[in-house]
Structures are given as structure tokens and as C-alpha cells.
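The transmembrane segment annotation in TrEMBL covers B:28-49, B:91-113, B:122-144, B:156-176, B:197-222, B:255-276. The domain 'ABC transmembrane type-1' annotation in TrEMBL covers B:87-276.
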Amino acid sequence: MAVAAAALPRRRRITQSRWAPWLYLSPAIITLVVWSYWPLVDAVRLSFFQWNMLPTSPQTFVGWDNYVRIFALPKFWQALRNTGVYILGLLPLAVLIPLAIAIYTHDLPERSRNIYRAIIFVPMIIAPVVGAAVWRWLLDPGYGLVNQALKGLGLNPVKFLSDPNVAIWTVIMITGWKLMGFSTLILSAANANINPSLIEAARMDGASKWEVVRDIRLPLLSSTVLFLVVMTILLGAQWSFTYINVLTGGGPLGSTSNIYYLLWDFGFSTMSVGWSSASAVILFLGFGAVAFVLFRLIDRYSFHDN
Amino acid sequence: MTTEALRAPRIATRPLRRISEKSGLDTAAGHVLMVLLSIFCLFPVYWMLASSLRPANAMFETSLVPTSMSLDNYTQAIDAIPIARMLINTLVFSVLSTVFQLLTGIIAAFAFARWKFRFDKLVYTAIALTWLVPFQVVMIPNYLLIAQMGLLDSVAALILPNLAAALAILLLAQAMRGFPREVIEAARMDGARNWRILWEVLVPNLRGTIASLAILIFISSWNEYFWPLLLSRTAENSVIQIGIQMFMTAEGNQWGPLMAASTLASLPVLLIYIVLQRQVVQSFMKSGIR
């Protein structure tokens, strides 16, 4: 009797521990499979078909045609080039300037630093659509405050969003507006984390201010900087999506369109599921390859002090 | 990378500053830099508020402070689109997304913290990798699935893909792994079942993490634009972010109502920020960038 009673709960615990984790995980796994993994597989399938998204019209198998056509499309290469411009343009705003500010303001008094911190974080919580609306108003060629100010200075008004040479930089600037404060905070936190005795020791040895920055702060900040660079490369073009969609619609003449916007455009303006899915697959593979290389680089080159 | 880190050096750097004899000029230049950055970051938000309060005939004035104020833009915006309805939809969507992501996240994270099981590392990595799948890549199959379910143009469809999120699961799993095992073991000795250990021991102790995660999910859901844009057909079933866009058309912009609608859409988030400033910053920083 006693033996049986002792054995029973033990067996139950074993079977329970085999199934229990899966039971606890199931809602999350089901959601992610249905809305992330299965769609990924479906996108690959659809990329070999021609279909206009109407349930009544047939899906025709076209093999690699969609891919061949996309690579032949000037629009695709323009969007790819623009994606590169977005990334390069965002790097100074999302990494370099915040880095300089973080180092430069390191010695400001605690209280004023807290106030600045609270203010520069505001764009991060403002909805991208709201940000787009306000910037559209500020930059309006006729009545916007910025152009009014330019006129006041005797300069010609700038068509910030409708001049093909300027529009992409305007979108980059607005995306940078959203990110700058956040990067600054991340870098200030990392900068403040540096052990002060290291810097004190260097100063005792007669290192100049610039030498302290170059030989101690920058190397110790390198892993945070790398992290931000990687994030900007991987997500930079994506962050600008809302601004492109609300402010320029990819125009003028496709000058602000990037690869993410092109996907949207293929799928929902031209209603061509095959093209859109094929470029989604290209994007995903390219994106995955870049992410893989960058994370390997982080592992190899970041420098830790502890 | 938490605010802890920002506060820590206060004690440590004080004596240092005295040694290095930091010049006042440098500090002044630092202030100038920060003030410029602050203006750049805050001015657009101020200008939105100020413009929304200008009467129609003063819309194009450039005085920094409105010379006269009126709520006309707000009444116009409310007449043009069902703003109250859209705000309620946004609230329902954000609250339900937050609650569901927390629930699914808490139980999934518990599975990783409590047991070692076959494929546990693989599943964890697979969950983490969904974070890297750009939304644009899966949007068409997701849209088709919603269409098949007959849920286009409904708030329910907005919530469905947001029932669980990698970010919530990963952050909670990290927090639970950091929780002292002895406490869990002690509860088990007392005969508590896993379900009770989770809700009566772990969850109350992880209040801080859960709260900051809730803030983060709520604000990001409130600001969500892309997925509602795909699904919306009518203003009545859409969220406020889509409503804002209705004032920007190819024919021209209704600047006053546009700024009023934008202000209304931002107020809830700004209020949360004003009340919980420290926690909001901390929760965003903990999560990395997204």
C-alpha cells in the first residue's frame, strides 16, 4: 500500500514534466506559428505564383518568373540603392551624433541631465503618424514654419517633400528625430557605466582629455556602438516606412521608396501577390544574411571590460 | 543599460571632477548642446499643441505662442471623423494586446524557467528569431488569413496576431531565470503546484518587470499603424492613427483639425509619460530599440 502510494505521485510528476512545458508554451507557439512562421512559408509558395489576391481568380504557377522580373526591374534597384542611402544617412543621426553628445555631456550635473533626458525621449513615444503629420505641417512649402523662417532670412523656400533630390533626406531627418534621443540615452548609460577609476588612473598618468576619450571611452563604448550600428543597418530602412507612406508615398519619382515600401507597393497598390512575395523572400534572405554577418562581427570585435 | 546605470556614477565621479578641475566653459558648451537637442526633439510636439489651439483665421501665424486660442479645430475634427469611437477602438486594441501578450508571455517564460525539456533551446531560439521577421514579409499571407476568416475591418482582427510576442516572452524568461531557485524549491516543498508557484510566488515578485513590459506593449500598440492600415475599411472599425491620416489628402491638408486629431491621439501616451516618466524610459531601454 505504502509503496504504491509513493510511486503514484512520482510517475505523475514525470509524465507531467514531459508535457507541462509544452502546455505552458502552446498559446505562444500557436500564435507565432500561425502569424509568423506559416506566413513565411506561404510567402515562399506564393512567390512562385501569379495571382491578384481576388479569391475568385486562379493562382497560376509561374516558376522563377517573378524573381527574374523583379531583378530586371529598375524600380527594384532604385529601392535597394535608396535602402542603402537610408542606412548611411541614419548612421550619423542614430549613432555618431548621440555618441558625441553622450561623451560631451557626461559631466553635466545630475539634475539637469535628468531634465534633458526626459525631453529628448519624447519623440520615441510619439506615434510615427503623429510625427509625420507634425513634420508635414512644419515643412509645408507654403505656410510651414520652417519655410516661413527661410523666407524671413531672405532664402528661397525648399520643397522638402516634393523635390526628388531633397525628399529622401527629409525622411531620413525625421526618422533621425525619432531615434536620436533614444540612442543618446543608451550611449549615456553605457558611458556612465565605465569604471571611473580607469579614467582617474589615466589622468594621473597625464593623459589629455582627448586621449582619455580615444583610448578609454571609445573602446569601452564599442560594444554599445556596434549594437546601435547593427540595429540601424537592420531596422533603419524599416523605421522610415511610416514616414514614407504618410509623407511621400515613395515619390517623387520613386526617390524615397525603399525595399520595405516597394514590398507594400507591389502587394497592395498593384495587387500582385507573386511579385510582392518574391521580393519579400529576397528581402528576408538578404536581411537574414546581413544579420548573421553582423552578429558574428559583434561577437568577434566587441570589447568588454568585465 | 537601465537607469540604474545612469544614476550609479553620481557618487563615483564627484571627487574626480574636483581633481580634473572641469572648466565652467566646457559645462556651458555641454548645456548649449543639450538645449539645442532638446528643442529639436520637443519643438514639433509643442508646435502641434500650439497649432491645434489656433483659431482658423490665425492658422498661418508664425508667433511662437498663439495670440488667441479656440477649440474650433477640435470640434471640426470631431465632426469630420468618429474620433471618440476610434479612440475607444485604439484603447480596446491596446489594452487587450497588452493583457494577452503578458499572459502568454508569463506562462511561456515559466516553461523555460521551470523545466529542462527536449528542444527547449531550439524553441527559445525559434521564438527569438520571429523578432527578426520584418512585418512586410508576412503581411500578405496574414492579410489573406484574416480575409479567409471573414474578419477584415474588425478590431478582433487587429488583436489576433498580437496575442503573443517574442519580446514579452524573452524579457520575462530572462527575469524568471534570475529569480532565486531556492524560493521556488521551498514553495514546491510546501506542496504548491506549478500553476500556483507561478501565480503566487513568481508573478507577485516580478511586478516591476511585468509593469514596465505592460507600459511598453501598451504604448507600442497605441502607436501601431501598419497592421490597422492593411485591415481598415471604415473609420468606425479603425484606430486613431488611421483617423489622423484622413486629414492629409492629396487635395490638401486641413492643418487645424489634423493637429487637433494628432493632439488627441497623443494625449493618452503623453499623460502616461508625464506620470511614469522614469518607468517609461527604463522599459524602452530594457527592450532595446523595438
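Just so it is clear, glycine is given a Cβ too, placed from its N, Cα and C backbone atoms.
All TrEMBL annotations are machine predictions without curation.
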Between the transmembrane segment (B:91-113) and the stretches B:122-144, B:197-222, B:255-276, work out which stretch tops the count of Cβ pairs under 8 Å.
B:197-222
Looking at the stretches B:122-144, B:197-222, B:255-276, which one shares the most CB pairs under 8 Å with the transmembrane segment (B:156-176)?
B:197-222
Beyond a gap of at least 6 residues from its ends, the CB atoms lying under 8 Å from the transmembrane segment (B:255-276) belong to 45, 48-49, 51-52, 54, 56, 59, 72-74, 76-77, 80-81, 83, 87, 90-91, 215, 218-219, 222-223, 240-241, 243-244, 247-248
